[in-house]
Amino acid sequence: RIMRPDDANIAGNVHGGTILKMIEEAGAIISTRHCNSQAGEPCVAALARVERTDFLSPMCIGEVANVSAEITYTSRHSVEVQVNVMSENILTGGKKVTNKATLWYVPLSLKNVNKVVEVPPIQYARKEQEDEGKKRYEEQKLDRLETKQRNGDVILPVINPEPHTVGYSQSSLIHLVGPSDCTLLGFVHGGVTMKLMDEVAGIVAARHCKTNIVTASVDAINFHEKIKKGCVITVSGRMTFTSNKSMEIEVFVDADPFVDEPRERYRAVSAFFTYVSLSKEGKPLPVPQLLTETEDEKRRFEEGKGRYLQTKAKRQAQMQQQA
């Protein structure tokens, strides 16, 4: 589809959340199709996880986004989908790859939303493809468990915070989940949640550096629990790390069921977003150093630094392999 002004920021760059939403829609369509391809219980695929995805090049207003999806692995109860996003300038005919993403879906029964149905197997061209897919499946399963165990943090308001501190840029958004946000099962689309997360992360980044900002990458997004229609969700973001040219923002989503639900607030989704600061000409700008004040902030900064160095090393290794 063509990118319109309401898909982009004031500088004309398409929001990362808009692209993530399109990616998730494509993944949900192909996963649901596959899981209903054989006779059995009708189901809808629900997003469980998005692996790290890099925004390889910016997309602008007026360009056409072409999103393609392919199922690359199936386990008994989950589906791995690879999604590619291509942008096309319809005035010049120029095309470029903007995103590549890997998503994991779980099929839920239409009759019983708490029941995970079995996934029809796919045929692999080579045995190695199945073995590699199984390895990715085990890795993401372990990472989801580890991430869920770290989900006890909350963001508290700070009175009169100093510029460039964590408290100065931290932000929250409160959203009532309505019917248009939900799947056939009455749970929030993963793409809707990711779009809101990107909006909050973008506000945090813009507050910190006071410039135009764009999404550079998103670390693994883990969907720990479903969010039902009628819930009030709080999307919270805070700066965790800054390098010379990038900012890491932790974002998590808490859900408050309050319509005929006795359940207390719970952590539904968590992820790390990375942003870069740009000049009016679209050139990278230096990022103000994050000022850490508490021991927890210093610990999160060091953890973010570790993730940054690990990602940097992986990119260098990939460039050497390509060379």
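Keep in mind that glycine also has a Cβ here, set from the backbone N, Cα and C atoms.
Nobody curates TrEMBL annotations by hand; they come from automatic prediction.
Feature list (source: TrEMBL):
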type	residues	note
ACT_SITE	Asn9	active site
ACT_SITE	Asp198	active site
COMPBIAS	296-306	compositional bias 'Basic and acidic residues'
DOMAIN	1-111	domain 'HotDog ACOT-type'
DOMAIN	167-281	domain 'HotDog ACOT-type'
REGION	293-323	region 'Disordered'
Note: in the chain of Asp198 (active site), residues six or more apart in sequence with C-beta under 8 angstroms of its C-beta are His15, Gly16, Gly17, Leu20, Thr215, Val218, Phe273
Within 10 angstroms of the C-beta of Asn9 (active site), the count of other C-beta atoms across all shown chains comes to 17
Model confidence for the domain 'HotDog ACOT-type' (1-111), as mean pLDDT, reads 95
Per DSSP, the domain 'HotDog ACOT-type' (1-111) contains 23 helix, 52 strand, 36 coil
